[in-house]
C-alpha cells in the first residue's frame, strides 16, 4: 500500500499512520530548505526542495539500498519534493527511503504569514522523513509519501535547477524513483523466498528428525529472488545459519553455491552438532531492510549416545579388564579345586564358609 | 485327629492357603472402589508419566525405551527418559502385557497399568505373611497379611489407577526383607543371592531402595555391636551386598552412585567391617590368649574409625558426593524450605500431621509399640530387624507424609505379632472358639520353627528359647477364667471389626478419587462429576497443533504430556530447577517480562488451574507462593516474594492485593473476565475474597478456552504485532483508543 499525503492531510490519516510509528507533522506544514530549492519554487517559501542523488557521504538523504531502488535512481538525477514531512519512529520494521537534507526543516507555511520562524520546528534536518516504508512481519508493505505532487506529471517531467548551487539537470529523478517505489511496495522487487531446506548427516541424504550429539550434518537452504518479473537465484552472501536451544549454539554463514538452475541458489554448510542434547531449532533468520523477511525454522531433536554407541573397549580400562578376567579365572580354578579336593578333615571348614 | 478325612496338619495347610488367597483377593478388591465409582483411568500426576512410558515401551520395545530421548517434555532441553527413570514398573507391566498377548488375551495396556497396583498389593500381603511367619509364626503371618491388605496407609498409594512405583515397590520391600531374614537365618548364599536379586528389582522400581541399602547394613551393624556376629551374618550380608550392588549399578539412573554417594557408603563400610571381623574371628579361633583378644578388638575399632575418617576425607575431597538435599531434608525438616523450595513445595514432602497416623493406621498405631515391646522381650535376629525397621520408619514417617508408606508394613507386622501373641495366650486352650481357626494351627506351626532352630547350626538358637519361653508364658496364664477370656477376645474382635470398617471407609472416601475427575454431591444427594481437567486436555489434543508447546506449572506437566499429547516446558520430574524457576518467573512477572520468556521458549499456550468459581483449593493461585519462591531462588533480583504480600504480611487477591500481585501474569490469567461472569464483582470461593472492580486487561495472551467450571483456563500466546507495535499498544488500538498525540503547537 502506498499512502501519499499532503499538507492538508486529515487527522484520521495521522492517527492511522501513528499506529505505524510514523508521526506526520501538523497541518499546513511544509518541508522547507533555503539552500536546496528549485527555481520553479512558488511564492518564495522554498518548499520545492531538491533531494540530491546518493553520493556516498553523510549528507545523503536517499537510501542506497539496492533492494528497493535501482542503481539508476540512486545515482541518477535529483528528486523534487514538495509536501509534508513526518517523524520516523524507532520501530525496526521501518525503512527510510527519502529524508530531508541537513539544511531542511518542517514548518507551517501560510499565505498571510511572513517567513518568521519563532518556534523550534517539530522536525528538522535528516530527521524529516519524506518517503518511509514499513515492511510488516508478514512481509506486507506500506509506504508513506509526504507529497501528492511528487507523483504528478509536472514533477516527473520537470527539469531541476538548484537556485543556490546553480546545478542543472534536464529531468528530475521522480519518475524512475516512483517506478521503483511502486514496484517495491507491490512486491515486485526485493522479494526473496525459501524454496526448500534440507538437513542430513554427512554422507547420507535422508532428512532425520533426530540426530545424535556431535553428528556431522549438512544443512542446505534454497533461496530465490523475484527480479524483473521472474524468480532468479538469490545473490546474497550473508545468509546465516543458527542452531538454537534457548541460545544459539552455532552460528555460521552459509556458503552460496553456483546455481545449476537459474531460479534459485543453494546455500550450504557443514557443521558438527554441539555436545549438548536437547531440542534444537535450525533457523535461518535473514532480515535485511528492503528484502522480504526469511525466518525459516526446522526443529530437530539432538539425542545423547545410545547404549551401544559408546566405544566398547577403552584402552585406559585394560587393567580393569585384566583384573576382571584374572578374577573370573582364578575363582573358577578355586571352585574346582575346592569341590574336587574335599578331604575328610575339611568338613568343618565347608560348614563355616557355606 | 482327622477332620473330613484329612490330617489336621494338612487341613491347617489348606486353610492357610485358602485364607491367604482370600486375603489377597480382599486386598485386590478393596482397591477397586475408584474403578467402580469412576472409571478405569490412570490417576493423579506421576502415574500419567509411567503410563506414557509404558505405552512407549510396549510400542517400541525395550532398547528404544532404554535409549529414549523424550523431546516432548522439558522443551527445549528434552529429557533422557531411559537414563532418568526407574524402569521396574514399566518393564513389569510390559512383561505382563506381552505374556497375556502371547496367550492371546488382548488386554489393553491401560487396564494392566490400572490394575497393576492392586495386583501387587495382593502379592504384598503374601510377602507380609512370609516375613511375619519367618519372624514369628504363621498365625501372626496371616494377621499381618490381612492388615497390610487393607491398611489405608498402603492403600493410599495402590488403589486401582494409581500406577506408581510405590505400587510394586512395597511388595518388593517386604519380599526383600523376608529374603534377608531368611538368608540370615539359614546363613546361606543362596538366599543371600535371592535377596540381592529382589533388591535389584527394587532398585529398578523405586528410589526408596536407599532405605533397604541402609536398613540392612544397620541391622548387620547392630547385630555386630550386640556381639552376634556369626558366619550366617557374614555369608548373608556379603553375598547380598556384592551381588546387590553389582546388579543395582546396571540401572542407568543409579549408575555409579553405589560407590560414589554418601547414601550408599554405610553399606560399603559395613561390608568392609564385616570382612575384618570375619578375619579376626577366624584368626581368633587359632589364638586364644587374652592379649590377642584385646589386640583384635582394638584392630576392629581402629579400622572402623579409619574407614569413617576415610569416608569423611573422601567426601571433603569431592570423591564421594555428599548427602543430597532430599536426604538433608529428612534430618532437618526446615532445610528444604530454605534451600530447595521445589522439594518443600510438594505436599507429600511435608511433615506428617499426627491425625494422619490414626487415619492411615487406625488401631495398628496403638498395637505397634506393643509389638515392638514384644520384639524387645526376645531379641533374636528377626526381632532386632523389626525394631530397627520400626524405629527408622516411624521417624521418617513423622518427617514426610509420603514415607508413611514405608512405615505401614512394619506397623502391620508388629501389630500382627502383638495380636497373635494375645490370641496365643487367650485362645490357646480353647478349641471350641470358632472365631479364629488360624490359631488352631498355631501349635503345629510353633513347633516347626523351633525344630528348625534346633537343627540350625547357630549356637544361640533363639527360636528354641522363644518357644520355650512362650510355653512358659501360656502355662502362666492358663489360670485365667473363661469370662476374662471372653471379655478380652470379644473386645479385640470388636476392635478388629472396627478396623476393617474404618479401612474400607477410608479407602472408599479418601483414597479412591482419581483427582483428575472430581466428584461432588448435589443438594439432592446425587453425584455430580466435575471433569474439567480431561475436558481441557482433550481440547488441547483436538484443537491445537501437534507441535504446540504448552506452559503450565510443573504439576500438570505429566498430565498434559499424557492426556493432551503436547510438548510441555516443565513436568513433575523436576530435574532442572532453573527451568522450573523460569516458568515460575514468567508466571509471577508482569506481562511484558513474561512475554519475553514465553517467546524465548516458543510457548504457544499457557494453562492455569483456577478453582475460584468452584472452590477447588488446589489451584494455581494457592500454589503461586511456591512459584514465586522457586523463581526467587534462581532470579533473586527479579522476583521478590515480599512484593506479593500486603504490608501486613497477608497474601491477598482482593482490593488490598499488592500491585505486583495484580500485575503478575498468573493473577491476570486466573481472574481474566471473572468479574464479567458475575456482572460486577467476582467472588473467589477458595480464598473467600471479592475481587477488585474493573476489567483485567491481557495484551500478550488471549483466552483460548475455559472449561465448564472454570477450573482449567487455557490462553494462547499472541504473536508479535505485525506492524511492530508493542502488544500493549496493539491492544489499546483494538479497544478503540488512539495513540497519544503530541501536544500541538500554539501560534
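Cβ atoms here come from the backbone N, Cα and C positions, even for glycine.
Here the structure is a predicted model, which means the values were calculated and not measured.
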- B:57-76, B:337-356, B:357-376, B:417-436 - the range that TrEMBL marks as transmembrane segment: B:357-376
- Message: Return the average pLDDT for the domain 'STT3/PglB/AglB core' (B:549-605) as a whole number.
- Response: 88
- Message: At a C-beta cut-off of under 8 Å, are there same-chain residues at least 6 beyond the transmembrane segment (B:12-36) that contact it? List them, or none.
- Response: 6, 43, 114, 117-119, 121-126, 129, 138, 142, 145-146, 148-150, 155, 158-161, 437-438, 440-441, 444-445, 503-504, 507-508, 512-514
- Message: Under 8 Å for C-beta pairs, could you tell me which stretch among B:138-155, B:196-221, B:233-253, B:357-376 has the largest tally with the transmembrane segment (B:167-184)?
- Response: B:196-221
- Range from B:112-132, B:138-155, B:196-221, B:233-253, B:265-287 with most C-beta pairs under 8 A to the transmembrane segment (B:383-401): B:196-221
- Query: Hey, which bits of the same chain come close to the transmembrane segment (B:265-287), Cβ under 8 Å, at least six residues off its ends?
  - Reply: 213-214, 216-218, 220-221, 224, 229, 231, 233-234, 237-238, 241-242, 245, 258-259, 293, 296, 299-300, 303-304, 307-308, 311, 320
- Under the DSSP assignment, what numbers of helix, strand and coil residues are found in the domain 'STT3/PglB/AglB core' (B:549-605)? 33 helix, 6 strand, 18 coil
- Between the transmembrane segment (B:138-155) and the transmembrane segment (B:80-100), are there three or more C-beta pairs closer than 8 Å, counting only pairs 6 or more apart along the chain? no
- Is the transmembrane segment (B:196-221) packed against any residues at least 6 beyond its ends, judged by a Cβ distance under 8 Å, and which are they? 86-89, 91-92, 165-166, 168-169, 172-173, 175-177, 179-180, 233, 237, 239-244, 247-248, 250-251, 254, 258, 263-264, 266-267, 269-271, 273-274, 384-385, 388-389, 392, 396, 406
- Message: Does the structure show the transmembrane segment (B:112-132) and the transmembrane segment (B:233-253) touching, where I'm treating 3 or more Cβ pairs under 8 angstroms (sequence separation 6 or more) as a contact?
- Response: no
